[in-house]
Structures are given as structure tokens and as C-alpha cells.
Amino acid sequence: MTSIYTSDLKNHRRAPPPPNGAAGSGSGSSSGSGSGSGSGSGSGSLTNIVTSSNSLGVTANQTKPIQLNINSSKRQSGWVHVKDDGIFTSFRWNKRFMVINDKTLNFYKQEPYSSDGNSNSNTPDLSFPLYLINNINLKPNSGYSKTSQSFEIVPKNNNKSILISVKTNNDYLDWLDAFTTKCPLVQIGENNSGVSSSHPHLQIQHLTNGSLNGNSSSSPTSGLSSSSVLTGGNSGVSGPINFTHKVHVGFDPASGNFTGLPDTWKSLLQHSKITNEDWKKDPVAVIKVLEFYSDINGGNSAAGTPIGSPMINSKTNNNNNDPNNYSSAKNNVQEANLQEWVKPPAKSTVSQFKPSRAAPKPPTPYHLTQLNGSSHQHTSSSGSLPSSGNNNNNNNSTNNNNTKNVSPLNNLMNKSELIPARRAPPPPTSGTSSDTYSNKNHQDRSGYEQQRQQRTDSSQQQQQQQKQHQYQQKSQQQQQQPLSSHQGGTSHIPKQVPPTLPSSGPPTQAASGKSMPSKIHPDLKIQQGTNNYIKSSGTDANQVDGDAKQFIKPFNLQSKKSQQQLASKQPSPPSSQQQQQKPMTSHGLMGTSHSVTKPLNPVNDPIKPLNLKSSKSKEALNETSGVSKTPSPTDKSNKPTAPASGPAVTKTAKQLKKERERLNDLQIIAKLKTVVNNQDPKPLFRIVEKAGQGASGNVYLAEMIKDNNRKIAIKQMDLDAQPRKELIINEILVMKDSQHKNIVNFLDSYLIGDNELWVIMEYMQGGSLTEIIENNDFKLNEKQIATICFETLKGLQHLHKKHIIHRDIKSDNVLLDAYGNVKITDFGFCAKLTDQRNKRATMVGTPYWMAPEVVKQKEYDEKVDVWSLGIMTIEMIEGEPPYLNEEPLKALYLIATNGTPKLKKPELLSNSIKKFLSICLCVDVRYRASTDELLEHSFIQHKSGKIEELAPLLEWKKQQQKHQQHKQETSDTGFA
């Protein structure tokens, strides 16, 4: 199939004599007049004489049988369904054995064999010369059956077309390859719109040796290249075209290898236990597993690699990656990441979920150089204000060219200089037009400087005096760490000059990628009031003070994280607008500087602790981004701004979409405050020991001090360390709204400060089902298994009736108490289905318990929990889930391909439990049982018992407690 023959290319034109010297008819024309006069000879292995008067050139009964060489490698054959587009036959599909040879397309009622003596079996029922094919129209997802693929052969004489339906997609592609090989000049595509010899699944190029070019259809001899060699015998004519078959990612059945694989995928396959037999068995499943793993590391799941991390930047699905950049070290890191992905997230590995990047180096863009330079001066030497505006002009001219990496977000702010407040601009993109923006900024700034000089000549002396007074006042504010309106105004206004920010922010904050606090919106409102003061002549400074008090007052109620997100959502500090409103901004308000500044001091005291915290974060943000958004040349405090454009450029569109879909920090804090208790929980509880960890935090055993030392479980979560904070709110809301005897009871929740969350739950003394299985030597009888499944099913039924999917059912998340009660916990991955979205398609959970539809990235519903319950049942039978000893990539492949896992010793189990497993682990979701059906199953109805019968499983726990108590008493006696 990889050879192209001159006779195939030029059957529709005058052809040279064949190698055996037989005279060719040579009368066939490309017009396809319907005379049926093609070349009368072919290769030695095939002879075709078309004698029918049919306008198609097709004969139903040949006077001379076609001689077939069944073992020829140039032949594609197989069973298909055929019909034409006639009025009476368009609804009938006839099953035929189709064979494409060098010259004809033949259809047989039965498979032809050259070895038997029956000549009728080798007589085609229908024969179609290849030179009469005008084009081939693809009709995917249509045909004889629902899974069939079809294509239409259109003849040149505008007669009836032939529709051919192929059963499988692989056969469909093979046939298209065969037609591409035999008829390279025939157009193949949907609705005759495709390019020559192409179909939607393949990218095919024909590389000629020089003579065959785009004008080959008009030149009768253009198809004959210098490399064409005529040979005798059965080999025919050698191929004049170097045929290449390129696909994005494909599988070559001949070699048994994948084609077009990215280097990262190749490395994963080489280091995995997926064998060549696995590849040949189901190559589509291998590709699905690789895509699944890539999406997990691309941030599509809760445990995925975060945005902006180096892991994502090295993925092959990014548009800007280079396959040559993949090294073995990176591949090893990705393997290790896959190994870590199946483990519960530990607090020590939290840093891998944060975007890590180095702080950009100076020089900074033009309108930010003065800010950064003055900020460093201020930090190191308590600061000093420039003596005149000339310094600003000099620095502006010096740094005017340093705008190559300025994001359009900053330039957009300069375009709207006269607007004090506006909606958040779009996410920053590549700053390719920075030069244009910088030139415009320079022109606008030059015009503004001239205008300011004209209006301020008369007040220069007063300005100098006020500046000295302002500096003294600023030093006082620095010692008190006041909350000044650091986001807006020029440095010439004492109201807008903040204290020196301490440089105690550790550099690790910048590297960890934490979003820093930004108190922007209260000051934004203050600036609006100030601008109104400037624009209205009848407004005095007291009105500005009142506005400042009014808008700063609620600021104390907001947390650091809410301010952080607001800074990223409203990255428009009004200092640039304030500075460029009018010259009165920098000079006209000097007389009111005392009254403007003093009212701010009383507000600073209650906010002082928050401000101390945020000042460090602002320092780290400056180190992280290296770019500030305000063009004010002397403002020393405009640091908490939107992120720099550098890291944002590396984000893919998919990641940005995920970011927009997530709750921002302000919404998260607001939502948390409606759920949690604002009381300090530390005086209420006494932590005893660490009990374990879940998907979103550590769990501690504690005692309630005011409730007779009642034992409870406290789940502590650091909000700053959570990659997706909305999952935490999701977990709290589900537990709070899902009060059930088979779900771990939610007691209360507390938010300490602005980043530490405590969730109080009932304590399950028996521990997890995993511990019970391990400490009982994997000897759970069927009655105990049925009882645990029964209790778990009741909890799942309650969730599913609320249209909630747990999505992480496994033995680690099923707990028992001292009385044998079985309860479900860890709702960090749960999801709620709605009428608008009654199926999910995200990839969360633990791989070994995942349903096949999740691994294959198909839509799923509540029945994924039923599959996980079946895997958990196998855990109780065999001590571990299937494929646990396989490395994760191979396990994902086996889940996707094997379907229902096999039991190690099924002969030891009863029929009822095997039937129970069969309907839990049914690959076809339509036939998989629901929780309601499972509760009515005979295994649950007849085998399950009372929860008290589970008490023997907890004997190991009692023995462990006695041993610890004895050890404690011994140690106390020794000290005594």
C-alpha cells in the first residue's frame, strides 16, 4: 500500500505500453465519456476487460474472469455494505466483499479464492475502473449501522454514485489509505472540499521527485518523473511519488509502534510497564491514558500541577513548547509527579502547587522605574522626596525605552488616565505592542508636564515649604505604620504618601507564588472623593476627610485574602489618574495637607496588625512581579498591584479559563463567613494528637474543654496552602447540609484570622476501613463485608438523592466508631449535579478506584461512586484494590482496557457476592446498578447484619489503646 504506480496515476490519459509489451488501448480519456474504454492491460497479475455499455463503465457479468493474485501486497480487501443513490435502491445495503486492485474496484458476493476451481467465485459482481473515479466524499458517522463510517464514490460522468459503508473506524481509515495510494489524484474529503488525497483523520503529503507538481492534472506527461522505472513481471511500475503518511498521534499496526508521539509521552511509555502487546491490543486506550495524565498535570483536577509551574510549561499541549527541550531529568520529574499524585497531599508538598518564578530583574518599564527606585530608596534609608519635578523628567527620558515587557494591562491604565475608577481590565497578554504604548505615554506625559509647569510657576516656593512639612509628617506615619491611601495620589500630597514599608518580607514568598494583599478598593473610593473635590470648587478638604473616613471604616472588616484577590481583579490604582488630573492635585491641595492627613491616623490603630502583615506581603509582591502598575514617579507605596505580565504570558488559554471559573478570594472569604463561626476556637478545644490527613488538610484528635472533654476531630486547613480553595467551601457546605447517620457529623467550623480554617467533626474511634483491613490480616467474612457495604450504601443513597457525587469512595474515606457505626468522610472532591449539568467530565479521585469512564474522560454521573464501592469491596476481600502493584500509568491503562477486574480466587466466594460485584463493576454505565438497586440486592438483604457484629474488627484498636496506656503508666512510674 505504500507504493504508487504510474499506471494508477495515468489511467485516465494516454498511457505508455506496459512492460510485457502488450498493446494498450490508449483510447481512454479523462472526460469519462462512459464508453468504458480504459487501458486494456495491467500488470501480469491482473487483467480487466470492461465491455459493458453501462454509462458507468461497470459490468455486472464479465465475459472474461478477472485473474486475481490473492497474495499481492498491493491489494486491499474486506467486507463492506454497498448501495447506490438510486430511487429504488437507496434504502438497501448489500453486503459485498470489496477488493481494490491496481486498476479496478471490484465487488464480490462471496470472498474470492484463486486456489479453488470455481471460477464464479472469482467473478466480480460489480467492477468499477479506478480511472472513472472523480472524487470521494467522506460521510463519517453514517452508514449501515450506528458505528459505521461511510464514503461516497462519485464517477466522472455524473452518473450514480456508490455508497460504501465500513463497519469499524480502523477499516475505514485503511480503505481511505488504499484509495489514496491507488488514486492519488482523486480528491478525498467531506463534500468534495478536501484537498487532494486527504481525509479528516490524516495529514497526507505527496512528495515528488521534481516533475510532478501542481500542474500535473493539465499536463499529460507531468506524472512521469525521472525516477519512474518500468519493470517486468508482476511488480508493475515502480512508484514515482514518495508517499508520506503523517498523523498527529497514531498507531502503525505493521510496526506495532505509535507515530507522532511527543517526547514526553514517549518517555512515559518507555518507563512504564505498558508492553507492545498492550499497544497493539488497544492503542486508543493508551492515548486516552496519556491524555488523562497530561490533563491531570495541566491543572484540570484538584490535584493537578498548578498554573505557572514548570511542569505545565514543559507539557506538549502548550503552543510554545519545543520537543527538543525535554530532557531525561524532566521526564523523571514527571514520573515522580505521577507517583506523588496517587498519594494523599501532605503539607510538606504544598509548595508544588504554587506557581514558582524568579523575581524579574531591573530595569523596569518607564512608568514604573520611578516607583521602584524610590521604593528601594525609601526602604533602605527612610526615604527622601525629590526636590523638584525635573528629576522626574530626567528619569522619564532615561527609562523611556524599557517597555519591552510591559503588559497591555498597564498601558490600558495609561489610556484611561482621567478615569478614577473602572472595571477590571482583561487578563494581561503578550506585550507585543509595548513600543507604541510607551511612545503614546511619553507624548501624553510630555504634554502634561508642560501644562503643569504653566500652572505651577506661581506656587513653587509654597510647594517646597509644604514638601518639607510633608516629609516630617511622613516620618511620623512610618513609625506608627498607619493605613494611608497608598494606592492613589501623587507623592506631592501628604494624604497620599504612606510610611516606609519594612523590607522584612522573606524572598520565599515571592518564590512560592502566594498572592499578596492589596488594599485598593477603599483607597479607590477615597480617590473618587478627592477627584470630586478637585473638580468642584465649592468642596473643601473636610468633605474629603469625611469621604476618607467613610470608605476606610469598612476596610477593617475585610481580610487579607479578599484584598489580595481584589487587587488582581481591580488592578487600577488611581494614583496615575490622580497625578494627571490637574496641577491642583500636586499643588492646589498643599494648603489642606494637614487636614487631609490627620483624620487618617485614628483609623490606623484597629487595622495596625493587618497592615503589618500586609506590608511584608507587599514587599514580596514587588520582588515577585518587579512591575508596578502606577506611573507615578515618586509614589513609594504602590506595590500591591496585579501580577506582572511575564508569568501571565506562560499561562495557556485553558488555564486562564479555569482561573476565571474559580471563585476568587474575596468571594471565598465572604462565603466562608456565612458558614463559619467567628469565635476563637483555641480556648474551646485541646489538641491531643494527630489522627491523620485528608484531601484538604490534617486531622487532629482533640477534646472539648467545656463538654466534659468530649473527643472530637479537628481538621485544620491553611487556606494559603490550598490550590483550590473552593473545594474546601464545597466540603464544608456538603457536610453541613448532609446530616445522616452514615456520614461523619459536622459540628462547627472556625476561621482564625484570614487563612486558617478549623472544621470540627465527630471523632470515629475505630479508624478507617483501611486500618481495619490491615490489622485483621485481611480476614473479613462476607457478612461483615455485606454489613459495611450496606451502611456505606445508605450514606451514598442520601448523597445521590441530593444529586451529590462523592467521587472518592475508598477504604481510607470510610470510618468506623467504637460501636461499629460506618460513616463516609472526606468530601473534598464531591460535586453536585444540576439540571443544567447532569453529568460531569472532570478527573478527580484516586486512580485505582476510578471508574473507566473517568479515566477515558467521558461524562459520568453518580454511578462512579458505585464502581468505587465495588473496588472497595474487592479491597475487603483481597486486602488491596486491583492493579495496586502496577505503576500508575499501567494501572490507568488496565482500568481503561480490562473493564471489570478479575478476582484472584473467585472460587472461594459465594455467588451472591460475585453477582453483587458484577453489577457494581459493570463497564457499561447503563447496566451498572444504582444505590437503590444495590440496597435491594440479595447480597445486601440476606448477608448483612447488625453493626454490633462489626465490633470484633475493632479489637486491635482496643489492644493498641491498652498497650499505649500501659506504656504511659510505665513511663510515669519511671519518672516518679
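A Cβ is built for glycine as well, from the same backbone N, Cα and C atoms used for every other residue.
Look at Swiss-Prot and you will find Asp808 tagged as active site, proton acceptor. Annotated ATP binding site per Swiss-Prot: Ala691, Gly692, Gln693, Gly694, Ala695, Ser696, Gly697, Asn698, Val699, Lys715, in sequence order, evidence recorded as sequence analysis. According to Swiss-Prot, the compositional bias 'Gly residues' annotation covers 23-43. Marked as compositional bias 'Low complexity' by Swiss-Prot: 313-332, 371-411, 456-487, 559-583. Under the heading compositional bias 'Basic and acidic residues', Swiss-Prot lists 441-455. Annotation comment: Swiss-Prot describes 73-184 as domain 'PH'. The domain 'Protein kinase' annotation in Swiss-Prot covers 685-940 and is backed by sequence analysis.
Here the Cα atom of Val699 (ATP binding site) is found 18 Å from that of the residue listed as 'active site, proton acceptor'. Separation of the C-alpha atoms of Gly697 (ATP binding site) and Asp808 (active site, proton acceptor): 15 Å, rounded to the nearest whole number. The residues of the domain 'PH' (73-184), classed with DSSP into helix (H, G, I), strand (E, B) and coil, number 20 helix, 44 strand, 48 coil.
In this model, the domain 'PH' (73-184) carries an average pLDDT of 78. Using a 10 Å radius centred on the Cβ of Gly697 (ATP binding site) and all shown protein chains, the other Cβ atoms total 23. Geometry remark: Asp808 (active site, proton acceptor) versus Ala691 (ATP binding site), CA distance 20 Å. A 10 Å cutoff on Cβ-Cβ distances gives Val699 (ATP binding site) a total of 19 other Cβ atoms nearby, all chains included. Between the recorded positions Ala691, Gln693, Asp808, Asp808 has the most other Cβ atoms inside 10 Å of its own Cβ, all protein chains included.
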